[in-house]
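Features reported for this protein in Swiss-Prot:
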type: DOMAIN; residues: 527-587; note: domain 'CBS 1'
type: DOMAIN; residues: 617-674; note: domain 'CBS 2'
type: TRANSMEM; residues: 38-58; note: transmembrane segment
type: TRANSMEM; residues: 107-127; note: transmembrane segment
type: TRANSMEM; residues: 215-235; note: transmembrane segment
type: TRANSMEM; residues: 245-265; note: transmembrane segment
type: TRANSMEM; residues: 292-312; note: transmembrane segment
type: TRANSMEM; residues: 329-349; note: transmembrane segment
type: TRANSMEM; residues: 380-400; note: transmembrane segment
type: TRANSMEM; residues: 402-422; note: transmembrane segment
type: TRANSMEM; residues: 433-453; note: transmembrane segment
type: TRANSMEM; residues: 457-477; note: transmembrane segment
Amino acid sequence: MKDDQLIDWIHERYEEQKSANRLAGRFRFLGLETKYSIISIISGIFIGLTAALLNALASLLNSFREGYCTVNILFDKQTCCSTLTEDYECQEFFFWRNNHSVFVSCLIYVSVSVGFAFIATTLGYVVAPAARASGIPTIKAILSGYKYPDMNVFFSIKTLCSKSLAVCFSVASGLWVGKEGPFVHIATNIIYLVERIAPSLADSEIFTRQLLAAAMASGIAASFNAPVGGVIFALEQLASSSFPSLFTGSIWYEFLCSASSVVALQLIRSWHTDVGYLSYVSLDRRWSYKDTLPFIFISILCGCLGSVLIYLNMKFASKTKGFSKISNVFFVIFLSLITSLTAYAILGESELLFNPMELFPQVINSCSPSSSTVLCETTFWVTAIVLFTSALLGLLLTSATFGAAIPTGIIVPSLAIGACIGRAVGTLLKSRFPSLAGTSIYGVIGSIAFLSSTTRLVVALVVILFELTGALNIALPLMLATLISKWVSDSIIETSIYDAWIQFRNIPYFPSSNSLKFSIPLNFPVRSPEQLVRLPIRSCSIEELERAMHDSSQSFFVVLKNDTEFFEGFISRNKVSELLNRRPMSSNMQTTDNTGLDPLRSASAPVDSTFDLFDYIHPTTFTLNYDTPPVLMLKLFKDAGITNLALLNHGKLHGVLTKIDIIEYAKKCKTHTGNTYSELPTGVTYETDIFNRADD
């Protein structure tokens, strides 16, 4: 990791205040907050329209795996089958399995699935590598202060178009992926591009990240038709990031962006009701306190299995990390082949749609007169076996697919797996105790419990399920399920699946204070003065600056009082480079040349030129006494958002502690957990694992 990979939030706040007038741009009669509010509203409208388009396209492509609409080939199965016969049959939709032999219909089903998976891999990995996977882990790290190597690639028109199409094909292929996580990346891409229309507004790292947080909220809101849940989702993700207090100002932008996206989505749905995700779930009866123990059991079971999914997913990620580009493509095709064969077998035997986008609403809804699936027409033990089998297969397929070379999301697969587990348990209990709540309620409880175990979210999930299902009468069971599931999963695996991927990609990520514990004193790896490049504050020669730039890759240099070890401050590498580039014109440059030559000749002549660095010192330098308790040092990094801290001994430099060093230290502690001190690497004493969990 490099020192310049993280943002110094205090310095950014300083620069923001200093350049407020410059950021005002051409529309000076509008305040900055008004301009960013307008950007949030405009972006939210585009996000809502994009969500409507992608939902419709994904649903249409998904229908082609089963057949096509004879009335209009551009109608998906749900639209085509809006009117049923007296026998609850859909005559307008041409099903492959009803009009061809088993072999031919299976061949068509599998071929379409594999073809869609290949297209998704080509678009989301070969054409635009930045479009692969979920996007939420990287965006969460960016919001925490991570400087993505090339933001203009991660947020670009090419990435936006490729990921938008790729996520539709990946979902339509039947793979166990969701589109909600990738859509968060799509939403942040939209707001980033809208902000870039006004370059004067795009210079602030703080405001840019506040808008990205608003887009994250809007992406979830548009995906689930849950504006309040989207806002809380973004806030809960930001609460576990470094310097979360910085984003308190983003709540307003999140609300505006989420509300405008859902309004745009609802306007489209007003004349095309099938656009969007779920709007309402029918639960068969109310719950009672007799259901509390089964709810607790389901929550514990989902907490354990969610941790198993994270463990297996990271194992698959480690195995496929060294794959070539061709190998990654073939791996996705192989997953699609296995998934489609399994789905077709389950579809033929039980009429159960084995893909998370359709399985989840099937499982959490009560049986209707038109229901012909195994959930409603067979004995309880057959239903339970099919549901448990579906959950187990879904868990294995999701753990192998999430993070593969296509746009992948974890939210809907987790909901589907948990719903199968919950309804299976409810079915078994209902057969023995008829007075218990309906099986669909158990499905909802299982879905939120499993999702909580994989993402470690609590409040956001409860609100999203409220808005998604309309089931306000099960508020208490939902809250109980998320809490128990999170506690259980925290005790098994420390990180959420998002933070596990942040660590897997070696992205520098500094969690919040709630994610840290201290059992014994810490010994942080402090950089000694001998390890640092030191420059004099007065009469610093060009040769010293050039030597510092050449001999060190550090993002900062230490400035000391001349001929002493007294600390004066930090100077950034960029500032030194800037000084060297404009040294002939620097007003703060002192020269001893008195030859009277013209500037061009003087620049090429041997001149003893020096700089006074006082005016170029980092204006937000933080210092502490060298014997300050490490807990307080860590608190300063977390609460102030700084990246470098100078440790002094009576004004003299004792060493420098950086945020990157703390992150590396924590990783080494985690690697050697359980070892004796004699087995740890030399140079630093690792006394405890300071990261208890990376997502709270």
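Each residue, glycine too, has its Cβ placed from N, Cα and C.
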Spatial neighbours of the transmembrane segment (215-235) far in sequence, C-beta under 8 Å, 6+ residues away: 43-44, 47-48, 50-51, 136, 139, 143, 179-180, 183-188, 190-192, 247, 250-251, 254-255, 257-262, 265-266, 276-279, 411, 457, 459-461, 463-464, 466-468
Test the contact criterion for the transmembrane segment (380-400) and the transmembrane segment (292-312): 3 or more CB pairs under 8 Å, pairs 6 or more apart in sequence, then answer yes or no. yes
So which of 38-58, 107-127, 292-312, 402-422, 433-453 is most in touch with the transmembrane segment (329-349), counting Cβ pairs under 8 Å? 107-127
Counting Cβ pairs closer than 8 Å, which of 38-58, 107-127, 402-422, 433-453 has the most of them with the transmembrane segment (292-312)? 433-453
Beyond the flanks of the transmembrane segment (38-58) by 6 or more, those residues with Cβ under 8 Å of it: 30, 76, 164, 167-168, 171-172, 179, 183, 186-187, 190-191, 194-195, 198, 201, 211, 214-215, 218-219, 222-223, 253, 256-265, 268-269, 272, 274-277, 357
Using DSSP, how many residues of the domain 'CBS 2' (617-674) fall into helix, strand and coil, respectively? 24 helix, 16 strand, 18 coil
